[in-house]
Structure formats: C-alpha cells, structure tokens
Amino acid sequence: MEKVFNFCAGPAMLPVDVLAQAQKELVNWNGLGTSVMEISHRSKEFIKVAEESEQDLRDLLAIPDNYKVLFCQGGARAQFAAVPLNLLGGNTKADYVDAGYWAQSAVEEAQKYCTPNVINTIIDVDGKKAVQPASEWALSDDAVYVHFCPNETIDGIEINDLPVTDKPIVADMSSTILSRKIDVSKYGVIYAGAQKNIGPAGLTIVIVRDDLLDLASQTLPSVLNYGVLADKESMFNTPPTYAWYLAGLVFKWLKSNGGIDAMETHNRKKAAVLYDYIDQSDFYRNDVHSDNRSLMNVPFQLANPELDTKFLELADEAGLKALKGHRVVGGMRASIYNAMPLEGVEALVQFMKEFEEKYV
C-alpha cells in the first residue's frame with residue numbers, strides 16, 4: 001500500500017504505533033474477550049485506563065496538584081459556553097483576546113452569558129499578519145478572566161505571549177496542547193478538543209484550578225459544570241470510553257518518545273523545513289510574520305490561485321491528503337501535529353518543488 005500522509009486540521013492523523021496497538025486490541029482487550037469500548041466505564045478495568053491516562057497527562061504537562069483534569073464531551077465549542085457559565089460567579093465582564101476565527105467563535109458564544117471585552121490583537125508588520133505584544137493588549141480592570149486561543153488553525157497564527165494580568169487566564173489549546181512545553185500554573189483553565197494532538201474526536205480535556213470550581217451559575221447544566229465533573233471524576237454520565245482509551249495510548253506514546261521536550265524539538269524542525277521552502281520560493285507564499293507563525297498549521301497560497309485545484313488533485317494522488325485550506329481563507333494548509341513524521345513534511349516539500357518546476 002502506498003504511504004499516505006494526512007495533513008487534515010482535525011480530526012487529524014494519529015500515531016501509527018497507537019493505531020496498530022488499537023487494531024491489535026480491538027476485539028479482545030486485555031484478554032477479556034471483548035473490546036475496551038464494550039466494557040462498563042465503572043468496571044475496575046476501565047477505571048485503571050482512566051487513572052493511568054490522567055496520571056500520564058499530568059506527568060507530560062507537569063500539572064500541579066491543585067488542578068483537576070476532566071475528560072469531557074462536547075468539543076471545544078461546548079467550552080465556549082462552559083467557560084463563562086463556570087467562571088463568571090455572578091459577574092458580567094470578561095476579556096477575550098481576538099487573533100482569529102476560533103477566538104471570535106468563543107466571543108460569539110460567550111456574549112450570550114456575559115459582556116466580552118474584545119481585544120483585537122492582529123497587526124500588520126512588513127505586509128505580514130502579526131500579533132500585538134501582550135504588554136499592549138487593552139485588558140479591562142473589571143474582567144473576571146482573560147480568554148485567548150494560543151493557536152489559530154485557519155490563519156496559522158500563534159500567540160507566543162501570555163496576557164499580562166492577575167486574573168485567571170483561560171486558554172483554548174485544542175491545536176497546541178502537548179506540542180510544546182507550557183507552565184500550567186500560569187493558567188486558570190486550559191481546554192482542548194482531542195482531535196488534533198490527543199486522540200479521536202469526541203473527547204475534550206479540561207484542566208482547571210481548584211479555586212475556580214465553585215463559581216458556576218445555578219442554571220449551568222450539570223454536564224458542563226466543572227465542579228460536578230471533578231466530584232464525579234469525569235463520570236457524571238457515561239464518558240466516550242474508546243476515545244479516552246485512545247487518548248491514553250497517545251499519552252503513553254508521547255512518554256515513550258521523549259515527552260514534551262522531544263516533541264517540541266520535533267515540531268520545530270518540521271515547521272522549519274516547510275516554512276524555509278515556502279520563503280525561498282516565489283511560487284508559494286505564507287502571509288504570517290515569522291514571529292507568529294504556527295508550529296501546527298501552515299497555510300500557504302500559490303502565486304497563481306488558478307492552479308489550486310490541480311495542486312490538490314496531484315497532491316492527493318501522491319498520498320498527501322487533506323491539504324485544502326479552510327473555506328474562510330482558501331489556498332492550502334498543512335497541519336503538522338505531533339503524529340506527523342518529519343518524513344511526511346519532507347515528502348510534501350519534495351512534491352511542492354516538483355509542482356513548482358512543472359507549472360512555474
């Protein structure tokens with residue numbers, strides 16, 4: 001079978017080793033004669049999966065003891081509502097840092113429950129999109145928390161600064177979690193949809209500081225209530241057990257491959273290979289300033305957009321899948337999350353060279 005590299009922004013590719021283990025264990029997990037997706041979430045066997053998964057994630061991210069780790073459902077979009085409903089505590093104002101589509105989506109949901117102070121941080125630097133330094137963000141004095149999305153997958157923009165504030169910082173890390181080292185203690189809440197760097201769609205990770213667990217609105221549905229979910233150890237209702245199991249396999253894969261430090265080195269190398277080729281070419285371009293280029297999502301355009309369809313068609317035939325850019329911006333996008341090997345990026349660059357030589 002021809003080797004295929006999946007550049008989809010999400011659901012994204014999973015590590016081959018993880019898929020192979022899941023395949024091997026699919027119909028007879030741990031000698032039980034059943035699949036792990038068929039056993040009770042309250043069985044001792046699955047409780048072990050849950051506990052090991054949480055501990056492995058804590059180890060990888062060095063999560064302090066005064067934080068709860070929740071394995072939730074509903075995707076990051078559910079958290080757009082859950083965050084204000086859990087954190088406002090009767091107040092009405094929160095700061096929202098806007099660097100792109102996903103931050104704006106969070107604002108649209110949050111304004112049903114509070115008055116967001118929206119801080120537009122995108123600026124132009126030498127004709128490229130960049131992010132205003134955090135020290136210049138116009139944060140409000142009376143905001144309950146500051147929300148931001150460190151990586152905008154559609155525009156390929158990464159925020160490298162943290163908000164300068166003494167308020168709880170809330171981060172949508174759906175596309176960056178586990179890709180590079182972070183200091184969890186600097187955040188009040190971190191949430192992430194699983195389908196990029198954690199596992200398959202259907203699972204959402206929430207990491208929340210203990211002192212923020214008792215502020216929820218009285219009308220908040222229990223399935224979104226951080227305090228309820230923490231008290232019930234993420235089993236208030238039946239969790240997505242198979243997605244949880246696969247996430248656990250990914251965590252073990254990460255640990256066995258050197259942890260977050262090794263993964264960050266790997267990711268920076270991959271991104272550099274692709275950006276370096278784009279920058280030296282007049283045939284391709286990337287519109288993001290080098291200070292804010294995403295490690296995970298690399299959008300690029302052709303000098304002649306009429307060739308987009310041909311590029312995507314031939315790339316697909318070459319085993320380079322899902323390179324079409326988001327409908328909002330068009331062009332191409334290569335999502336190179338943790339599971340993407342350097343070999344895949346090198347194959348893409350080689351294809352780009354050959355395509356350029358043929359159609360320049």
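The chain as shown is numbered from 1 upward.
Here the Cβ of each residue, glycine as well, is placed from N, Cα and C on the backbone.
As the structure is a computational prediction, the values presented were derived from the model and not from experiment.
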Task: Candidate sharing the pyridoxal 5'-phosphate site with A76, R77, W102, D172, Q195, N237, T238 (per Swiss-Prot), from T121, T153, T219 - done: T153
- [ ] Check each residue in the chain of N237 (pyridoxal 5'-phosphate binding site) that is at least six apart in sequence and keep those whose C-beta is under 8 Å from its C-beta; list them in sequence order.
- [x] V223
Task: Cβ neighbours within the same chain of A76 (pyridoxal 5'-phosphate binding site) - under 8 Å, at least six residues apart - done: W102, D172, S174, Y191, A192, G193, T204
- [ ] Return one of helix, strand or coil for D172 (pyridoxal 5'-phosphate binding site), based on DSSP.
- [x] strand
Open item on the list: What are the sequence-distant neighbours of Q195 (pyridoxal 5'-phosphate binding site), meaning same chain, six or more residues apart, C-beta distance under 8 angstroms?
Closed with: G10, P11, A12, S174, A201, G202
